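Participant: Pasting a structure below so you can have a look.
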Amino acid sequence: MGNQLAGIAPSQILSVESYFSDIHDFEYDKSLGSTRFFKVARAKHREGLVVVKVFAIQDPTLPLTSYKQELEELKIRLHSAQNCLPFQKAAEKASEKAAMLFRQYVRDNLYDRISTRPFLNNIEKRWIAFQILTAVDQAHKSGVRHGDIKTENVMVTSWNWVLLTDFASFKPTYLPEDNPADFNYFFDTSRRRTCYIAPERFVDGGMFATELEYMRDPSTPLVDLNSNQRTRGELKRAMDIFSAGCVIAELFTEGVPLFDLSQLLAYRNGHFFPEQVLNKIEDRSIRELVTQMIQREPGQRLEADDYLKQQRGNAFPEVFYTFLQPYMAQFAKETFLSADERILVIRKDLGNIIHNLCGHDLPEKAEGESKASGLVVLVSVITSCLQTLKSCDSKLAALELILHLAPRLSVEILLDRITPYLLHFSNNSVPRVRAEALRTLTKVLALVQEVPRNDVNIYPEYILPGIAHLAQDDATIVRLAYAENIALLAETALRFLELVQLKTLNMENEPDSEEVDEATRPNGDYDTELQALHEMVQQKVVTLLSDPENIVKQTLMENGITRLCVFFGRQKANDVLLSHMITFLNDKNDWHLRGAFFDSIVGVAAYVGWQSSSILKPLLQQGLSDAEEFVIVKALNALTCMCQLGLLQKPHVYEFASDIAPFLCHPNLWIRYGAVGFITVVAHQISTADVYCKLMPYLDPYITQPVIQIERKLVLLSVLKEPVSRSIFDYALRSKDIASLFRHLHMRQKKRNGSLLDCPPPEDPAIAQLLKKLLSQGMTEEEEDKLLALKDFMMKSNRAKANAVDQSHLHDSSQKGVIDLAALGITGRQVDLVKTKQEPDEKRARKHVKQDSNVNEEWKSMFGSLEPPNIPQALPKTSDHEVVPTGKSPRSESSAGVCVPLSTSPQVSEAAHIPSKKPVIPVVSSTVLPSTYQIRITTCKTELQQLIQQKREQCNAERIAKQMMENAEWESKPPPPGWRPKGLLVAHLHEHKSAVNRIRVSDEHLLFATCSNDGTVKIWNSQKMEGKTTTTRSILTYSRIGGRVKTLTFCQGSHYLAIASDNGAVQLLGIEASKLPKSPKIHPLQSRILDQKEDGCVVDMHHFNSGAQSVLAYATVNGSLVGWDLRSSSNAWTLKHDLKSGLITSFAVDIHQCWLCIGTSSGAMACWDMRFQLPISSHCHPSRARIRRLSMHPLYQSWVIAAVQGNNEVSMWDMETGDRRLTLWASSAPPLSELQPSPHSVHGIYCSPADGNPILLTAGSDMKIRFWDLVSPERSYVVAGSTGSPSVSYYKKIIEGTEVVQEIQNKQKVGPSDDTPRRGPESLPVGHHDIITDIATFQTTQGFIVTASRDGIVKVWK
């Protein structure tokens, strides 16, 4: 711009804000600094923040136009240079006070980034240096020289992408060596005196004599030296190479510049060399690169491209060239403006990224480490997006990426770059994100195996306080995550403390280090730090152990309670953990929590030691009598483990053995196995004498024969007696007066033993009935003995269940989200998982009579009674107490908690019997077996035939429904043949106070309904529209939905009306129309409120009945397509439309309900398969004009009729091929042209097959009603319109393969033909005066048209 500017003193100094008065697109934000040459400000634009550089014009003769053209050309040349950011706009103010340059704002330049935390590591510096050379190479190959490369003009984004900006071709190429004024004016904008200019640009001052003469004598005319300069020499590539070398050197010396102005001038003359600064560059290849780039002779400097090739694999890793540069360049494009998109792209490419950056097939380890370090560049992209992510899925994807990359990152990156963002996410508004952030933080910190000096206090001062609030988070899922990870967090914090302590001791013991830096020394000594850490963790552990949600407590116990014991030490493990855990057994409603206690108590007891056995003994005994059999199993397993570890004293062991021995006949298989496991472990721990003297007496009642190797599980299991029958056990356990039952059973046992002469029947009728029921279920004397052996357990369990019931009544048992199946009387269905042995038919036949008592009522109902209905009297009768089943019930081997419910179908047998080895009573005579067996089969066959008949009826119903669907009519009352409305106004209805949005007619044409922006829905009687009454009013008005009612529809075959409002409400109304013409009633039946942020309001709705479902389909503005099953009040299906193709404006459903089509605001028409809920195809209008209304074609199943924005266009599209088959064009514009001189559009469509001759009625913004005869287009006409409308004719032509019916205005008024009916008198303005919003027809004694308009008017025509 000439060197003369340096000497001009401004006549007036204005603030930079004052120059924004004439700029309308930019709003001043803040000043970025000012110099004599430029005033720099940041401004707001609709596309983002921009930098505005203002040049105050002091000399109006300056040739600014040429500079503006040069900058425009430079912008075009650098369009494809991804590392260059030229000025996007150059403007001169109208008042000619200033010239302004505009470019995108980038927050950080390289000078600021070098001194900003987190500091750049070596690989990031190499990456930035690589990009600087790449940017210079891109500019030079585009024919552009920069002229002012310095750290202030190298912009660095938050993801370390370099942008070379502020191209200074307008600044002077050459500067006088003896006068620093020009340098200060043009290049030293930072006032640091740092010089990046190539030495050859400083020339002898004689060539600037003209300027000096002017400064001495102001009367001398000023000469613009710029043109002369350009003829003498322009900017050379070598000049930019020198400047780039200075920038790279400053990057690798932590901000120490190579030259200031005086040093550069001395270097130019050979009196100075920056060796001292260059030696600070540790990397030899980088030092050699810089040395070559700052050669004093320009000819010795290479091109930027040559340096890139030369340093490939040396200063710059190979992966920069092969992967990082092309991959990262895609994020610099405008298509990736969203942080969410960047994260999703990286997650999609993660496998490829890991393969390229962390491949394990490298020949040398050093190269592998170099490639792995390239992940740091990728991490900067991820972290730059974290704070601006919008969707929950994107945030979770980012956390997933961090977790995948963390094991391959260095400690510094994990602590300095990753951890702060994870703590930021721990304060996110979405609970899922907070929970996942905590999990990710825990796993990332667990990877740190060494602690840097500056991070010695990161846990107590940063991490633990940063997540402390999560222990009291409102969301249970977050507290769950805290409970799940607090043990690992505490373990990692302790390891950090120990690593810091070890490092401190090593530093103190080194002879060369007399003093330890106070900044890196941990606060206080080790014991003090450990005590503080214990207190911080203890506070959160106690909070979690006292959480109101049991699942949080359970999670804490199941995830590292033993590690917390190690962290706290023995004393605190006993005082803090064990004392809180004991209280969990008081919760009688949550057996999962009690079970988790016994799962985790072994680890705690093992750490606390055998001293805890006296405390745990009553707790373990309580677990052995728990009401839930799962808890008993867990208590048995805990006792077994504690016995193996020697944590139980010998007297306690024998006491537990006495309590556990009766479990050997418990009906639950898992409990029996648990009891066997404990007995065998005890046998291992004690001597042989103790086994036979103390242990065997407990076992004798439950084994069939003496056993020697009692410590072997298989041996003990093989000699166990048969367990108590599950049905008998459960029935006895559920009895209210179980104590009286056991007293009577004890008396019966004494009588059998001979110690009691007689056992009178029980006096209590309830006990007598109970005993009779037990005997009828097969209770034998042996079963009675086993029940008595389990007496203590059953009494305690009965009391525990009673207490649990009482406690559930005291507390609110109907907890939110908890369904009590027992309270609902629902019985779980079970099958035995033990495979039964196949037996010969005659054996199975013999057992049928005896097994009937064990089969439940449902089995009998399904397959018939096992006992024939008419048993011959010759069969011997046996008493109840003699009848013992030969097979075992499935519940004899499993409890309700253990068995897996395989099916809820009644066909699944609940009595998969396992035959007994020894029958207890003789079988019946073989003479009656064949008939008994035959009768059972006949009963089963009858049930099977009934099932087959039921299935046949169901199949017939489905076939009829299918036929109904195939024979579905387009409309129940079509217009009469040859119907051509005359356009006579029958009724003018003005009850609505705002725009009417939709009209719908009921199936039998008895009613029609309108909805309006005034919030009302009005029901009209069609019979009163024939003009026979003097006044016509609506028969019903409904206004309780709120908001503006946008759409409505009648349900097929009913007087149910569905309506939707813009406040998100959708309601189903019932209309009692059986009393017409009397006033009917209306009442809401169902309703739902849509999420305005997630779904938005409803834009269109339809109803169809598929036989099995009555579906109300509605589309929302945010792209949701929902099928609401009105019979089950749930969604039959939900589809999600991609909003990239536009917002949904309308949709239509195929008459056979096989597919639907949606229209969008961008002209797209997308088809969905209703059977599989999958998108089929999508076609777009050539002009991408908005689809205003969609309708199915009445004759062609694959066609849709679409009303398009502009030119009154209505087109018929074959969605199977995507072809536009027929277009109705009521516009003066050339048919099918994309220009729209006519803004009018069709807003309402009515189509009818009309007995094979389809007709179409349209109405819209031109306030005309048109009748289109699709068979004979020339017979189409305007039914009703504004007064004085010119007459029109219709012609059919073929344009580009599409049939077009065009409306053409007649030049002269032609009388109506015989076929065209006359409209009403021309003088009566009967037409609408505002946009017609919808049109419909109904049939009474004749055909009628009903229209509605934006001014709230409803008109009826015939």
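All positions are counted from 1 along the displayed chain.
Placed from the backbone N, Cα and C atoms, the Cβ positions cover glycine too.
Feature list, courtesy of Swiss-Prot:
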- Ser808: phosphoserine (MOD_RES)
- Ser813: phosphoserine (MOD_RES)
- Ser853: phosphoserine (MOD_RES)
- Ser865: phosphoserine (MOD_RES)
- Thr1316: phosphothreonine (MOD_RES)
- 413-450: repeat 'HEAT 1' (REPEAT)
- 458-495: repeat 'HEAT 2' (REPEAT)
- 1093-1134: repeat 'WD 3' (REPEAT)
- 1139-1178: repeat 'WD 4' (REPEAT)
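I'd like to know what surrounds each of these features in this structure.
Facilitator: Long-range contacts of the repeat 'HEAT 1' (413-450) within its own chain (CB-CB distance under 8 A, at least 6 residues past either end) are made by residues 117-118, 121, 376, 379-380, 383, 386-387, 392, 395-396, 399, 402-403, 406-407, 458, 462-463, 466-467, 469-470, 473-475, 477-478, 480-482, 484-485, 488-489, 491-492, 496, 499.
For the repeat 'HEAT 2' (458-495), the DSSP-based tally of helix, strand and coil residues reads 35 helix, 0 strand, 3 coil.
Here the repeat 'WD 3' (1093-1134) has long-range neighbours at 957-958, 960-962, 964-965, 1046-1053, 1056, 1058, 1060-1064, 1066, 1068, 1086, 1143-1149, 1153, 1156, 1158, 1168, 1170, 1173, meaning same-chain residues at least 6 beyond its ends whose C-beta is under 8 angstroms from one of its own.
Mean pLDDT for the repeat 'WD 4' (1139-1178) in this predicted model: 91.
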Participant: Reported in the order helix, strand, coil, what are the DSSP residue counts of the repeat 'HEAT 1' (413-450)?
Facilitator: 29 helix, 0 strand, 9 coil
Participant: Just to be sure I understand, if DSSP states are collapsed into helix, strand and coil, how many residues of the repeat 'WD 4' (1139-1178) fall in each?
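Facilitator: Counts, helix then strand then coil: 3 helix, 23 strand, 14 coil.
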Participant: By DSSP, how many residues in the repeat 'WD 3' (1093-1134) are helix, how many strand, and how many coil?
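Facilitator: Counting residues by DSSP class gives 0 helix, 26 strand, 16 coil.
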